[in-house]
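First the structure, in the form of structure tokens, and then the observations on it.
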Amino acid sequence: MSSGNFQLLAGLGNPGSKYTSTRHNVGFMALERLAKKESVQFAMNKKIFGHIANIEIGANKRKLLMPNTYMNESGRSISAAIKWFDLEINQILIFVDDMDLPLGKLRFREGGGSGGHNGLKDIIKHLGSQDFCRLRIGIGPPSINQGDRKQKTIPHVLGKFDQAESKVITKVLDKVIKGLEVIEQYGLVKGTSFLNSSLTATDG
């Protein structure tokens with residue numbers, strides 16, 4: 001069981017300008033916003049197949065990782081980082097998009113399956129375990145018509161947020177940062193409760 005002492009915060013996404021600000025890259029967006037807040041830059045680390053940055057949350061130092069693999073190969077970077085930094089599986093937190101959650105909804109969970117997400121699926125395969133923490137960030141479903149949902153999934157996740165959606169996501173990512181601070185200051189239970197609560201008018 002995790003104590004909330006996350007040494008590695010990893011966001012999932014696809015590398016390259018083609019995928020910048022797409023729904024599937026909201027995990028990257030969370031880390032980029034956190035790095036911007038802390039005025040730090042990412043640098044490529046070829047040994048872990050990803051871009052890394054160092055930040056401080058409260059009095060504690062943390063590492064941010066954006067895999068330079070494509071989404072479906074995220075596990076290669078995550079597993080390499082765990083070995084390189086000599087971490088335990090309960091010391092990592094994965095930020096990932098979830099189209100089964102309404103836009104703006106957050107869901108923190110320790111353990112569980114991939115939920116059909118190929119990035120999580122690859123991480124589970126490489127680690128040989130699903131007992132890691134993940135923060136799912138809701139991007140909303142592609143269509144209310146479930147009959148053509150599968151057909152619209154790829155265009156949806158690789159599409160960009162519109163102006164109204166972007167405003168919601170900005171508030172959500174600010175809430176993610178606040179949630180990490182709550183975890184550092186008050187512990188995982190209170191932090192999880194904060195993250196899983198609905199957005200309010202005062203958020204962001």
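Glycine is treated like the rest: Cβ placed from N, Cα and C.
Going by what Swiss-Prot states, the tRNA site holds Y19, Y70, N72, and the candidate of N45, N118 recorded there is N118. Long-range Cβ neighbours of Y19 (tRNA binding site) (same chain, at least 6 residues apart, Cβ-Cβ under 8 Å): G13, N25, L158. N72 (tRNA binding site) sits 9 Å from N14 (site 'Discriminates between blocked and unblocked aminoacyl-tRNA'), taking the CA atoms of both as reference points. Under the three-state DSSP scheme, N14 (site 'Discriminates between blocked and unblocked aminoacyl-tRNA') falls in the coil class.
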